[in-house]
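What follows is a short report on a single structure.
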Amino acid sequence: MAGTYKIAVLPGDGIGPEVMLQAHKVLDAVEEKFGFTLERSEHDVGGIAIDNHGCPLPESTMKGCEESDAILFGSVGGPKWEHLAPNDQPERGALLPLRKHFQLFCNLRPAQIHSGLEGFSPLRADISERGFDIVVVRELTGGIYFGQPKGREGEGPQEKAYDTEIYHRYEIERIARIAFESAMLREKNVYSIDKANVLQSSILWREVVEEVAKDYPEVTLNHMYIDNATMQLIKDPSQFDVMLCSNIFGDIISDECAMITGSMGMLPSASLNQEKFGMYEPAGGSAPDIAGKNIANPVAQILSAALMLRYSLDEEKAARAIEQAVSQALEAGELTADLAGKGAALSTSEMGDKIAAYIRQA
């Protein structure tokens, strides 16, 4: 029997509403094709919520998210709200409380070069033409960003500042399991990134990851130091499948992966908790300079919806159908203005229509 799922849709600001509209078109297409039902409720978040409710994350929005199986998030922020105190601004006042409230400890950042877009990569042609398809699995709530104690003290030559890198066994185990589960859906390779030659936290990280790996005999586990990993991504990114990283290493690696694709407007992102409840959003920003012009690239938002189907709703076939439709459109040279160069560019809405049509035709 086909499932029914509740989705909280938070379009937000800038290009958020117009790219979210394209995600709706694509979700309509997979609903029809695969027979499940997505009950979608829309809520204000970010700047529009400040304008309408006086705060970036209204109680009604939080309640809508709590009653849902997943959150499909657009983008927030813009010059209109930059005068506000940092904690009242759309980004910090909406995204951080959502991550904290739902205990979203895992960040997933896919990065790939789509066929036909190799020329946008800053990598040498002979490297980019090999292609790559990577998912960075980043631990999001532990490590040096949150460890205590941290601070500054003293003065003069003796003044010092310090941070603490702390990881508990349970934090490493739960993020490792998501990496191995992800690998089972892909090429069955996990690269665990650490600095176990100098850091005690990385030694524990490596030990726990090796223990978890025993539960996934079909998956090949590789360990790699962070400094080598950053170099290998430039030399031959095609060797990687799933990259498992601590918070700070994942911060670095996921941005490097994004940059070597050469098309930031195409990259989705997911943040998950222990129950696989997730928030799914484009990796880019709200792009207020092009908002309302029907020229934004909706692919990142559409691929975020595919991640939602895969990780929170367990609708793998529908997720793949969306990803294949995106690839078909790009391979056919159907591109929005950010990628079309001097060629004919599709509008935001035309791109959404094309991808939905490919799903229905498949």
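Just so it is clear, glycine is given a Cβ too, placed from its N, Cα and C backbone atoms.
A 10 Å cutoff on Cβ-Cβ distances gives Ile295 (NAD(+) binding site) a total of 18 other Cβ atoms nearby, all chains included. As annotated by Swiss-Prot, NAD(+) binding site applies to 78-91, 285-297.
Long-range C-beta contacts of Arg109 (substrate binding site), restricted to its own chain and to partners at least six residues apart, with a cutoff below 8 Å, comprise Val135, Val136, Arg138, Ser254, Cys257, Ala258, Leu267, Ser269, Ala283. According to Swiss-Prot, the substrate binding site annotation covers Arg99, Arg109, Arg138, Asp227.
When secondary structure is read from DSSP and collapsed to three states, Asp255 (Mg(2+) binding site) falls in the helix class. Swiss-Prot lists Asp227, Asp251, Asp255 with the feature Mg(2+) binding site, giving sequence analysis as the kind of evidence.
Within 10 Å of the Cβ of Tyr145 (site 'Important for catalysis') there are 14 other Cβ atoms, across all protein chains. Residues or ranges marked as site 'Important for catalysis' by Swiss-Prot on the basis of sequence analysis: Tyr145 (among others).
The feature site 'Important for catalysis' is assigned by Swiss-Prot to Lys195 (among others). Sequence-distant neighbours of Lys195 (site 'Important for catalysis') (same chain, 6+ apart, CB under 8 A from its CB) are Ser202, Tyr225, Ile226, Asp227, Phe249.
Looking at Gly78, Pro86, Pro90, the binding-site residues in this record, the fewest other C-beta atoms within 10 angstroms of the C-beta turn up around Pro86. Cα of Ile295 (NAD(+) binding site) to Cα of Arg99 (substrate binding site): a span of 30 Å. Considering only the residues assigned to substrate binding, Arg99, Arg109, Arg138, Asp227, the longest pairwise Cα distance works out to 29 Å.
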